[in-house]
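This report concerns only the one structure given below.
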Amino acid sequence: MSDSCPVAHEGNTQSTSESENPVIPSPTPAANRPRNNRDWWPNQPELSVLHAHTSKSNPMGEDFDYAEEFAKLDVEALKRDVIDLMTTSQDWWPADYGHYGGLFIRMSWHAAGTYRIADGRGGGGQGAQRFAPLNSWPDNANLDKARRLLWPVKQKYGKQISWADLLVFAGNCALESMGFKTFGFGFGREDIWEPEEMYWGPEDTWLGDERYSGDRELSGPLGAVQMGLIYVNPEGPNGQPDPLAAARDIRETFSRMAMNDVETAALIAGGHTFGKTHGAGDADLVGPEPEGAPIEQQGLGWKSAYGTGVGKDAITSGLEVVWTPTPTKWDNSFLEVLYGYEWELTKSPAGAWQWTAKDGAGAGTIPDPFDSSAGRAPTMLTTDLSLRIDPAYEKITRRWLDHPEEFAEEFAKAWYKLLHRDMGPVTRYLGPWVPEAQLWQDPVPAVDHQLIGDSEIAALKGKILDSGLSIPQLVSTAWASAATHRSTDMRGGANGARIRLAPQKDWEINSPAELSTILQTLEQIQQDFNSSQSGGVKVSLADVIVLAGAAAVEKAAKNAGHDVTVPFTPGRTDATQEQTDVESFAVLEPKADGFRNYLRAGEKLPAEALLVDRAYMLNLTAPEMTVLVGGLRALNANFGQTKHGVFTDRPEALTNDFFVNLLDMGTEWKGASSAENVYEGTDRVTGAAKWTATAVDLVFGSNSQLRALAEVYAADDAQQKFVQDFVSAWNKVMNLDRFDLD
């Protein structure tokens, strides 16, 4: 085989299509509909995200325990049923090569592949592919058929298996049914029952790419190149068939879902070892997506009028590619075909750019999916050729060509990571096939000692309060440790005490120099305690940090005249630097934390919007967000000890003064001339300076919904309720990552 460029560049490459599916029109928004509050006042904070997915939309009821129901499931029987389904072809959607494996792999990949590392959103952890917009994205065309094929299995096992688990488990079963040894599988994903409202991009049409600026700089936190795609356009950037340019898109988008070059190459080559794409004919004959389809189609979309519309006449992506001579068997044939031919640019019957083995080489070596007597020429996607043209991918895949066992191992690990990246630590996984924790799962050590009891807790609190550390220092450190948690992908939190490790110890928001001093004091308390104990009782630094915050809150409540006990459950452990992927953890660094009145320089989004997003990450309701902001201001816990929003003359006492003084009509607010994003409050009569604030503070008086909540806590009889609600919300945040307590 020649070592020269394997692709022929002759001919016109003007794209006639924008995307993987060039013919699916965008839905048309209703032009004349009643306006809602968001239409009239789009700049107000969107608080509804804090109250989504409540029991009101969940038919299972508040007492439903998925783990308990799953424990009753015969997982081996489930696997047999799913594998049997693979080769039971249905006339209404016939299986290519008599096997649905390729279809189910694509379904699982696309369910999990929406995950993005920047904010942890997306992924397969909630079964969101069942709902708009994902169920109707161009890249998910005809995956509605895959889900319908699975319905008899879901119907049989009912509440013992969630759709979220089944959608990704099916792909795992598909791989095993075709001879591949997977790395493992964890169940435990719970279904949502309404669409996830999240930012998928600025475009208002399918396949738009307004998300780019400059030299093809992709806007954060997005992980796909165009609206409605999972990753990249397989024809090449904006339909231009350039494998090297496509490699740039591939590297960027896959890295945004936490995949490196090896994992990326393994996923593409491994996934494309199976099945085919579908572009049999004129794609103008394909009907609307599921959400836009007529009611009589019962949620099935993309009905095609080309021929029979199914089987040999199916149109999905507009591409008509079969990668290997063995599309229902695991082997090394994808790489053998990729490197075994030179390639020339051609078009599918639907008009999409793809590549065919040059000069008729290999003609007849690729089987037809429905006619065993017919053969095809080898074909590839533009993005497949990227694995050969890009120097870094080429180095990886050429080695695999001669070392297929390494390829199989890397694909197994990458596939496992793809399906589980948004599930958090392995303590959340269910079932018998869970392998040992991987580095990307942010492992923490198991508890290997006796836990502290009430007497030890009381003694430690005393030592902490006598240490010379202030209430703001203790509160801020505990908050900084716990509030890294993201409910989107279950990462971060206080368990592991990673606040003392890189990169967290060096984040600006954590005031590294002061943090180091605080942690040294707390570590000394921990060491002194552990060395004085007998009977195997010990305490981790992670527990000491959280306990220190609890002690500080109790002292602040006492300063305000209230005796409270902040709940505390020991059992956290301390991770090591070796258990902490610095690059992976870097994405958890807050760009804003309104609870501490922190806003990183250069942020473009409004601070109050970022506060709501942070509250969403912490799984807080609007009332919980409100009481925490007010309480943390009273505790003087701002970043850098600024006085913005500290509306009290008795800081470090857990009072409702923030709300009382915010709602005081005797104060007039104006933007400060001396500082950006700061407001000055003056006496309405005398003009004397009273307070300073940020938008995060003032939004609780400006926004009507938040003001209504602030009024609850500003009332004369609200002090006790305020303290109780603050303690409850504080305890919730401290335990967000304690999945062992669920």
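Cβ atoms here come from the backbone N, Cα and C positions, even for glycine.
Here is what Swiss-Prot records for this protein:
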ACT_SITE  His110  active site, proton acceptor
BINDING   His272  heme b binding site
COMPBIAS  11-20  compositional bias 'Polar residues'
REGION    1-43  region 'Disordered'
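Residues within less than 8 Å, Cβ to Cβ, of the residue listed as 'heme b binding site' and separated from it by at least 6 positions along the same chain comprise Trp323, Thr324, Phe334, Leu381, Asp384.
Over all protein chains present, the Cβ of His110 (active site, proton acceptor) has 22 other Cβ atoms lying within 10 Å. For the recorded site, His110 (active site, proton acceptor), the DSSP three-state label reads helix.
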